Ligand code: GRF
């Protein structure tokens, strides 16, 4: 009798890779229900590449600088990914908008983490925007990626209180800590088959998730 093969994930990064590190740490603690098969960066200087190499994970760099043809870049990216046939694509600070053909090729298999309580503040400068709005809480969301920027169905959110005296940097640092907690957990829900993307919605245990799970209460 053969064991079911472990699911394979590819992590896409552009920068320092602290979320990638959270996955690496969870993997080393044997807490991930899938294998980190490869890390791909669109920037050669991304610190996350070193983190992956140090952990013995296969890496690729596909520089995007100066490439204006988004569809062509995404086709090269897909060629790299298809060699591995990943079950899951984890965007971890990948600072590129993916083209519609790329998203539809991997529909329901791409996750992203966004530093806000979506649907609040899609796009950039989320911490400054939450502060400017006078919000009392802020946080982060793991969601499925669709063609709409930061608009795919949310899976899991983590919240932080906004404290008097917070600035975008202090708030970002606290949110990042929570990102590291929720992202591997959300990816595990996907890898175990409990969370599924279907027809623009997120299903948990075959039921439509009408609002995102909350960490730590819902898990
Ligand atoms: C995080 O803030 C994440 O929410 C956003 O990009 C940043 C990546 O940080 N998508 P890191 O490279 O994982 O440290």
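Glycine residues also receive a Cβ, built from the backbone N, Cα and C atoms like all the rest.
Curation plays no part in TrEMBL annotations; they are all automatic predictions.
What TrEMBL annotates here:
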ACT_SITE  114  active site, proton donor
BINDING   17, 18, 19  N(1)-(5-phospho-beta-D-ribosyl)glycinamide binding site
BINDING   70, 95, 96, 97, 98, 112  (6R)-10-formyltetrahydrofolate binding site
DOMAIN    7-186  domain 'Formyl transferase N-terminal'
SITE      150  site 'Raises pKa of active site His'
Just checking: which of the binding-site residues 17, 18, 19, 95, 96, 97 have a C-beta under 6 Å from ligand 1? 17, 18, 19
Find the shortest Cα-Cα separation between residue 70 ((6R)-10-formyltetrahydrofolate binding site) and the recorded positions 17, 19, 150, and name the residue that gives it. 150
Pull out the recorded positions from the set 19, 95, 96, 97, 98, 150 whose C-alpha sits within 10 Å of the C-alpha of the residue listed as 'active site, proton donor'. 150
For residue 18 (N(1)-(5-phospho-beta-D-ribosyl)glycinamide binding site), the closest of the binding-site residues by C-alpha position, picking from 96, 98, 112, is 112
Reported as an integer number of Å, what is the Cα distance between residue 150 (site 'Raises pKa of active site His') and residue 95 ((6R)-10-formyltetrahydrofolate binding site)? 12
Under 8 Å Cβ to Cβ from residue 97 ((6R)-10-formyltetrahydrofolate binding site), same chain, six or more residues apart: give me those in sequence order, or none if nothing qualifies. 70, 149
Rounded to a whole number of Å, the separation of the Cα atoms of residue 112 ((6R)-10-formyltetrahydrofolate binding site) and residue 19 (N(1)-(5-phospho-beta-D-ribosyl)glycinamide binding site) comes to 11
Where residue 19 (N(1)-(5-phospho-beta-D-ribosyl)glycinamide binding site) and residue 98 ((6R)-10-formyltetrahydrofolate binding site) are concerned, what is their Cα separation in Å, rounded? 19
To the nearest Å, how far is the Cα of residue 98 ((6R)-10-formyltetrahydrofolate binding site) from the Cα of residue 17 (N(1)-(5-phospho-beta-D-ribosyl)glycinamide binding site)? 19
Hey, which of the binding-site residues 95, 98 is the loneliest by Cβ count within 10 Å? 95
So if I draw a 10 Å sphere around the Cβ of residue 17 (N(1)-(5-phospho-beta-D-ribosyl)glycinamide binding site), how many other Cβ atoms end up inside it? 23
Starting from the N(1)-(5-phospho-beta-D-ribosyl)glycinamide site formed by 17, 18, 19, give every other residue of that chain whose CB sits within 8 Å of the mean position of their CB atoms, in sequence order. 13, 15, 16, 20, 21, 22, 48, 51, 92, 93, 180
